[in-house]
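Take a look at the structure below.
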Amino acid sequence: MRGFISEGRMARKANFCKQEKLEQAMMLFWSKGYANTSISDLTDTLAINRFSLYNSFGDKEALYYQALDNYLTSVSFPKLEPLRDPESGVDTLCQFLKAFANKQKQDSCGCFIQNAVVEHAGENERY
């Protein structure tokens, strides 16, 4: 069975930084939500074509989950690190909560994870 690529020809390698595009997608989903973000919004914001989008990230839902995972690993988890210390106490927790509240005031979009839970609550088992 022949594939999309002719024999002897190799597929072109993406000429963009996948992590950078993931960050851009994360910011777009964070600001607009999943339902209000179209494939055209994604291709325009990421400045890539549909083929590159699907080839690099899968479909819109797959990209959304990658964006949520990226948010957790790059935004949420680092902020939780002080709370993992067995020596941390109530003061550390209070500092964390104050910093979290201040950050929420600064970020007009709120918390991406909380937004996702509210937007998709009860829709499928992943939420």
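Cβ coordinates come from backbone N, Cα and C, glycine included.
Annotated features, as they stand in TrEMBL:
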type     : residues : note
DOMAIN   : 15-75    : domain 'HTH tetR-type'
DNA_BIND : 38-57    : DNA-binding region
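Across the range of the domain 'HTH tetR-type' (15-75), the DSSP-based residue counts are 47 helix, 0 strand, 14 coil. In this model, the domain 'HTH tetR-type' (15-75) carries an average pLDDT of 96.
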